[in-house]
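Quick look at what TrEMBL annotates:
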- HIS491: active site (ACT_SITE)
- 16-294: domain 'ABC transmembrane type-1' (DOMAIN)
- 337-572: domain 'ABC transporter' (DOMAIN)
- 12-40: transmembrane segment (TRANSMEM)
- 52-74: transmembrane segment (TRANSMEM)
- 130-147: transmembrane segment (TRANSMEM)
- 153-173: transmembrane segment (TRANSMEM)
- 231-256: transmembrane segment (TRANSMEM)
- 268-289: transmembrane segment (TRANSMEM)
Amino acid sequence: MRLRSLTAAQGPLLSAGILLSLVGTIAMLVQPLLVAALISTLVAGESAAAEVIALVVLFSADVLCGAVGSYLVARAGENIVLDLRTAVMSRILRARIPAVSTWDRGDLFTRASADTSLARVALSSSVSQLATSVLSVAGCLVMMFVLDAWLGLLTVATIGVTSLACVGLVRAIRTSAVENREHNSDFGSVILSQLSNLETVKALRAEDAELGRATAEASRARGSGLKIARIAALLTPAMNVGTQLSLALVIIVGAARAGQGLMALDALVAFVLYLLYLVSPLVVALMSVSQFQQGRAALDRVGALTGLESEMTVAHGSGVPGRPGLPDRGSGAGELVRFSDVRLTYPGREEPALRGVDLVLPARGLSAIVGPSGAGKSTVFKVLERFYEPDAGSVLWRGADIRSMPLEELRGRMGFVSQDGSLMRGSVWDNITLGASDASRDAIWDVLREVGLEEAVRSLPLGLDQPLGDDGAGLSGGQRQRLALARVLIHQPDLLLLDEATAHLDSDSEARISSIIATLAESIQVVLIAHRLSSVVGADQIIVLEDGLVTGSGRHGELVQVHETYRRLVSQQFEQPVAGH
Ligand SMILES: Nc1ncnc2c1ncn2[C@@H]1O[C@H](COP(=O)(O)OP(=O)(O)OP(=O)(O)O)[C@@H](O)[C@H]1O
């Protein structure tokens, strides 16, 4: 993401807007001169029609150019925000999982939403305001010196001292703006985590504590926001004092000079008009420098996301020989996946999650990975999906190293369903076509039928267009899981990975999903991670993972005979005494 090039793309629009605003400013600058000419003509008792017409034209040009110019600048600003947001989201969505997981989610959220919006101020409106106001100030000063150099010097001396004092205020605003962005971001992180865990907060009766946490963060943001407001509030009055002082001096000295015949009366009127015109652009110039500083603080935060490492940089051939592209479905001797001595330690962790895993998944059938909590079961899936790269060892897909394959195609051959199904905001249709935008209506109904959801979806008030909310609200837990299953089946995967996909379901829903899985396992490889061993006893292969190592594999009957940990897990689940007996 190159911020400069994003702004450069809007350069023509921004320049056109600034140019028009400048034309408007020039039209404004000429007005006092015309007023002076009008006065002299009237005093001389001549016709002032030409001056009046010229004044009307100038006023109209001032208004029209100013309005169109500021619209173009605003448009360029909105375009910059859009480009910036697209670039930021492309960075985030294409980043490597380990790179993203080092960031706080709320922080990423604020950078992508609020900070990109503030960046617009820095890149468009404040730049344009600065250009027009600096031109106005310079133009006014030049005209004032042309009218009367002594009065000009007097003005520069009084207003100059005030402006210098204000520059210090602007610097202080920048420091507070950086602090305020951080505080707002912290507040965003807190509310994001609270919104994602609203039910847990309620169940734990932690509303008051959480409200306290949110209020504390909001108060910190208010504190730094007020600090900015206090400094910014001083800017205009400080400038006003300078102007009033200068106005009083100009009128006194000007009147004296006019009395001595050193200055014409119409020139004095024009001078005073220029002085009045000078104040507002001067304040705007200072304010836009302060706004620019605030926008820069936001822009720096957005720019920091350029450091997110993209998956594209690790997607292909990390020094691993092998032809690119996915191997044919027939290759690999009926073997779909082979892990050989796979080792992985998560970034920032000392203990490895996988210590040399060896396993084989055939092209068809049902495999289960079982083992104690923290044994590394989910990590096996993460390695397969290439969310994390192993530190050592290799993973083969139909005989070819997965590092030599296009990431998109590799993931396209796998379907992954997590514990909660992770439905997205949107309709049933949006969820099923996620990553499969070209799926036909018939194909969608086919997969819904396959997972036994056709009736349920047809009975929804809006059918496929029924909005589901963030977590699929509107569907039962079992239906959500089946919808998540339908969403991956539409891609016709060769390998289905189910991470505790039935953990939250009642036995009826679990049985329905188990029967769907059994049917699928006749044609593809299905791998289950399951704590409930009842769902894996019929598996063709059960892999026992302990502390990052495969300590056994086989069918249920065999493992019960020979594997100590598996026997213990089975006895814990099937032979628990019933409460009260
Ligand atoms: N993103 C991560 N960053 C750092 N450590 C992690 C991460 N994910 C998992 N771990 C650690 O790696 C080890 C294996 O985790 P994993 O989730 O694979 O275990 P699991 O067998 O699936 O556990 P469970 O059955 O409880 O879900 C654990 O010690 C865990 O704390």
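Quick reminder: no glycine exception, Cβ is built from N, Cα and C everywhere.
Where the annotation comes from TrEMBL, it is an automatic prediction and has not been curated.
Remember, predicted model here, so these are calculated numbers, not experimental data.
In the predicted model, the domain 'ABC transporter' (337-572) shows an average pLDDT of 87. Counting only same-chain residues at least 6 apart in sequence, those with a Cβ under 8 Å from the Cβ of HIS491 (active site) are GLY412, GLY415, GLY435, ALA436.
By number of Cβ pairs under 8 Å, the transmembrane segment (268-289) is matched best by 130-147 from the list 52-74, 130-147, 153-173. Proximity of distant same-chain residues to the transmembrane segment (153-173), defined by a Cβ-Cβ separation under 8 Å and at least 6 residues beyond the stretch ends, is recorded for 141, 144, 228, 231-232, 234-235, 238-239, 241-243, 245-246, 249-250, 253, 275, 278, 282, 286, 289-290, 293-294. DSSP assigns HIS491 (active site) to coil in the three-state reduction, placing it in neither a helix nor a strand.
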